[in-house]
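Copied over from TrEMBL:
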type	residues	note
BINDING	His93, Asp131, His340, Glu344	divalent metal cation binding site
Amino acid sequence: MLLSCVHLIRRPLQCIQPLLVLPSRSFMDLKALVSSLNDFASLSLAESWDNVGLLVEPSPPHTVSTLFLTNDLTEDVMQEALQKKADLILSYHPPIFRALKRITWKTWKERLVIRALENRVGIYSPHTAYDAIPHGVNNWLAKGLGVCTTVPLHPSVAPSYPTEGTHRVEFSVDHTEHLETILSSMRGIPEISSLITLPARAEGEEQTRVSLNCTQKALLEVVALLSRNSLLYHKTEIMLLQKPLLPHTGMGRLCTLSEPVSLSALTERIKSHLRLPYIRLALGTGKTLEANVKVAALCAGSGNSVLQGVEADLYLTGEMSHHEVLDAVAKGISVILCEHSNTERGFLSELRDMLATHLENKITIIVSESDRDPLQVV
């Protein structure tokens, strides 16, 4: 009988711990992030008086892991942003609007700039660019009305189409010897672009067709030059270059509800959408809370200039001057005021989700918890 030569060796069992791979914190270069933000909402859509874009930039290179969203950048909000390790603050309202002549500890806006730079935090503001875009603040506010169709009250135009200049001037030159003299004079006029010449034939004669684009100011000089030659002047065509409207883009919204709704029911919808316990209401002359609303004009923030002269059953905005409200009421238009930033702040949660998709979840995006409207009812 064969004996087994195998010996059993007793050893304590050892638990092998799996290696934990911690995900690396993702980030974006500041310049790349700003470029993506500009793609999300072109700054060319902002009003000319606005101050938008990157307002405070830490010394490069600067990477962003956390983007912090707020409606207003106050000192309390700045403290929250620093506690949450933000690298870039997107403040809907620009904290720097009027020019700063010095950066000291004296005023709160100067202190914001100092703290941002000391802690290497950038500040970016889109403001009225977000008002204009189809997926922006005003469309979000319109959702509080219920099902409706919306069009901008003041449509935006394509910023760089068709070309530089406001007018196109075309004229024909019969004699070649005059052509270079005329072209030389035209090139000496500032604010002229796209000056081209093309061979043409009119009434059996060979001619040169001259075409140029110019600004309103340059047009006066062009016409003055051409008027010295009566034959050229009578052969001149002047066309106004109109830039096409951008679809669904612009300031304010005119909203046509799918079904008429009583003013009383509509106020409840708006309060629910804005998460407000109260709003201010001015009834239009001859109107009651049971009056039906079919068309509403709205503007997030301040609606003074945007809503002026618009025909509607209701104006919805954050604030209007006393006299603007009186004018609307006299025309039978009811007015709802919700305080300025209350008509904007709720958009930030929607913005967070849209930016996460737009930026492919490369960075962390958080919304301020301390940002709030400065006015309250007591």
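Residue numbers in this text run from 1 along the chain shown.
Even glycines carry a Cβ here, placed using N, Cα and C.
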Please work out which residue of His93, His340 has the most C-beta neighbours within 10 angstroms of its C-beta, and give that one of the binding-site residues.
His340
Chain-internal residues near Glu344 (divalent metal cation binding site), provided their CB is under 8 angstroms and they sit 6+ positions away:
Asn71, Tyr92, Val137, Leu141, Ala300, Gly301, Gly318
Take the mean position of the Cβ atoms of His93, Asp131, His340, Glu344, the recorded divalent metal cation site. Which other residues of that chain put their Cβ within 8 Å of it?
Asn71, Tyr92, His127, Val137, Ala300, Gly301, Ser302, Gly318, Ser341, Thr343
For Asp131 (divalent metal cation binding site), just count the other CB atoms lying within 10 A of its CB, please.
29
